[in-house]
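What TrEMBL records for this protein is below:
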type	residues	note
REGION	1-84	region 'Disordered'
COMPBIAS	1-24	compositional bias 'Low complexity'
COMPBIAS	51-61	compositional bias 'Basic and acidic residues'
DOMAIN	123-527	domain 'Major facilitator superfamily (MFS) profile'
TRANSMEM	161-181	transmembrane segment
TRANSMEM	188-208	transmembrane segment
TRANSMEM	214-237	transmembrane segment
TRANSMEM	249-273	transmembrane segment
TRANSMEM	279-297	transmembrane segment
TRANSMEM	341-362	transmembrane segment
TRANSMEM	382-403	transmembrane segment
TRANSMEM	469-496	transmembrane segment
TRANSMEM	503-522	transmembrane segment
Amino acid sequence: MLVHLLPLSCPRPRPAAAACSSSRNGPSSCADSGPWARAGGRGARRRAMRGRTDVEPETPRRGRRGGSGGGDDDGHDPHGAGSGGAALLETVRRLLLAREEADAEGDEKEEEEQGQFPKRWAIVFLCFSAFLLCNMDRVNMSIAILPMSAEFGWNPQTVGLIQSSFFWGYLLTQIAGGIWADTVGGKTVLGFGVVWWSIATALTPIAAKLGLPFLLVVRAFMGIGEGVAMPAMNNILSKWVPVSERSRSLALVYSGMYLGSVTGLAFSPLLIHKYGWPSVFYTFGSLGAVWFTTWATKAYSSPLEDPGISAAEKKLITSQSTAGEPVKTIPWKLILSKPPVWALIVSHFCHNWGTFILLTWMPTYYNQVLKFDLMESGLLCVLPWFTMAVSANVGGWIADTLVSRGVSVTTVRKIMQSIGFLGPAFFLTQLSHVNSPAMAVLCMACSQGTDAFSQSGLYSNHQDIGPRYAGVLLGLSNTAGVLAGVFGTAATGYILQHGSWDNVFEVSVVLYLVGTLVWNVFSTGEKILD
């Protein structure tokens, strides 16, 4: 630090009056003590050297003939012959100061670059992994149901009843989970959900061997745990994720569901083939304990509760946050009086009818119609879900890009959800015209790939219209979505016993079209609930 030993110039001693000023109401206070103001410190010296402020070295100025009066109007060096040495010292000092400042700025930049991974994206990733487990535990039954039906002698109507029993519990906790998350905090609620459904998953083989009523109860219990997941996640992200990153973060989390389906459908046949169908439930159920250990120690309901988050990231999140104060009471009358809320509810029902039918019945479709065996059914079911995982994130980036370029949020939500409705409707109509299994699988993949654009449509809209009630709004709309799962899954079994797969797909297409109409007429991307 030799820079501080170098004199800036060679001034004469300053008069005391120039250095200190007396206050009539108090003792004298020194404004300066030497060429540089102490209050400015190193930063003031640096800024002065770089010409960023009007701070100048306070060297006493002489008259032209060495007198103390009069200004140095001609700008000549006041020190005469010694000015060359003073100028050299000042130049060296400036160079050293510039180097010191550059090093300090470089250290700060390096510290930022080597800083912690953004905490908000760590939370997003933990939510992503929770939804990965969620769908792994949900879709394993769609594969295991084939050997289970052969072992226990279940007919298609019984299979439909078993598949729909999950939604009985799932329906019960949608609104309750939203209220709980908005009032207590998303961390507690999501943690509870994962532990609960993991235990129910592990108990499934025991219940099946005890009898059909026990299996139905355990599957309903599993639905109770998974029912709180989406409202809790929506509550957490409404507090953790800035508006400018909303579509991307939600797309990533929901792609965890799709990749969970990929993982479950890919590994379930392998486990069944090698260890028997109960191994699927034991293996997948045990993974919840691993997730919960990380969640309990690393996650917080909001950035304000997290002691480890950086001040810069906290400021970024809170500056763009629209969540507001925690909810104490739910204004049900106000919420249910808003047409955009009902647009969410109706559209969610229409969307989930087709989605849940594909989720629960696709392996059976591949087995019965396309004549694939168990291994092929599971592996080919992976492709449409993988397509959804990719297209959901593509849709999220597109939506956020459009918003950042000035397109209204309302327009973006309507465009994305229209793709999420009309795309699946078109490709499902093509299934009755294809003649090869490969084309049928391709149509399924395209149908679900376009379906995933809904993550940047209706699934992002809850936080748009009422960020403080994001959990409750998702609970409301997803209740309608679950009803679609209950009725749609059970109705599919009935239709198949009295009709064909073409009839199943026709019902889905009609509901997709209804959803498109309702969404484009009544939805909005503006905040309507404070």
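In case you wondered, yes, glycine gets a Cβ from its N, Cα and C as well.
I'd like these features described in context: how deep, what's nearby, how far apart.
Averaged across the domain 'Major facilitator superfamily (MFS) profile' (123-527), the predicted model reaches a pLDDT of 87.
Long-range contacts of the transmembrane segment (161-181) within the same chain: residues 138, 141-142, 145, 154, 188-190, 193, 212, 215-216, 219-232, 234-236, 330, 356, 360-361, 469, 471-476, 478-479, 482-483, 485-486, 489-490, 493, each at least 6 residues beyond the stretch ends and with a Cβ under 8 Å from a Cβ of the stretch.
If you look at the transmembrane segment (188-208), the same-chain residues 6 or more away from its ends with a CB under 8 A from one of its CBs are 127, 130, 133-134, 137, 140-141, 148, 152, 177, 180-181, 214-215, 217-219, 221-229, 231-233, 235-236, 277-278, 281-282, 284-289, 291-292, 295-296, 299, 301.
Beyond the transmembrane segment (214-237), the same-chain residues lying 6 or more positions past its ends with a Cβ under 8 Å from any Cβ of the stretch are 123-124, 127, 130-131, 134, 137-138, 141, 161-162, 165-174, 176-178, 180-182, 185-187, 189-190, 192-201, 203-204, 207-208, 246, 249-250, 253, 299, 301-302, 462-463, 470-475, 478, 482.
Sequence-distant contacts of the transmembrane segment (249-273) (same chain, six or more residues past either end, CB-CB distance under 8 Å): 120-121, 124-125, 127-140, 142-144, 147, 233, 237, 241, 279-280, 283-284, 359, 363, 374-375, 377-379, 381-382, 385-386, 388-390, 392-393, 395-397, 452, 455-456, 459-460.
Through the fold, the transmembrane segment (382-403) approaches residues 244-252, 254-255, 258-259, 261-262, 265-266, 358, 362, 409, 411-413, 415-416, 419, 441, 444-453, 455-456, 460 of its own chain, all at least 6 residues removed from its boundaries and within a Cβ separation under 8 Å.
Same-chain neighbours of the transmembrane segment (469-496): 156-157, 159-161, 163-164, 167-168, 170-171, 174-182, 186, 227, 230-232, 234-235, 237-238, 323, 327, 330, 335, 341, 344-354, 356-357, 360-361, 458, 462-463, 503-504, 507-508, 511, 529, counting only residues six or more beyond its ends whose CB sits under 8 Å from a CB of the stretch.
When Cβ-Cβ distances below 8 Å are used as the criterion, the transmembrane segment (503-522) is approached by residues 339-340, 342-343, 346-347, 349-351, 353-354, 357, 361, 414, 417-418, 421-422, 424-425, 428-429, 431-432, 457-458, 484, 488, 491-492, 495-496 of the same chain, each at least six residues removed from its ends.
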Taking a Cβ cut-off under 8 Å, which residues six or more beyond the ends of the transmembrane segment (341-362) line up next to it in the same chain?
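Here the qualifying positions are 138-139, 141-142, 163, 167, 261, 335, 381, 384, 417, 420-421, 424, 428, 444, 447-448, 451, 454, 458, 461-462, 465-466, 473, 476-485, 487-489, 492, 504, 507-508, 511-512, 514-515, 518-519, 521-523.
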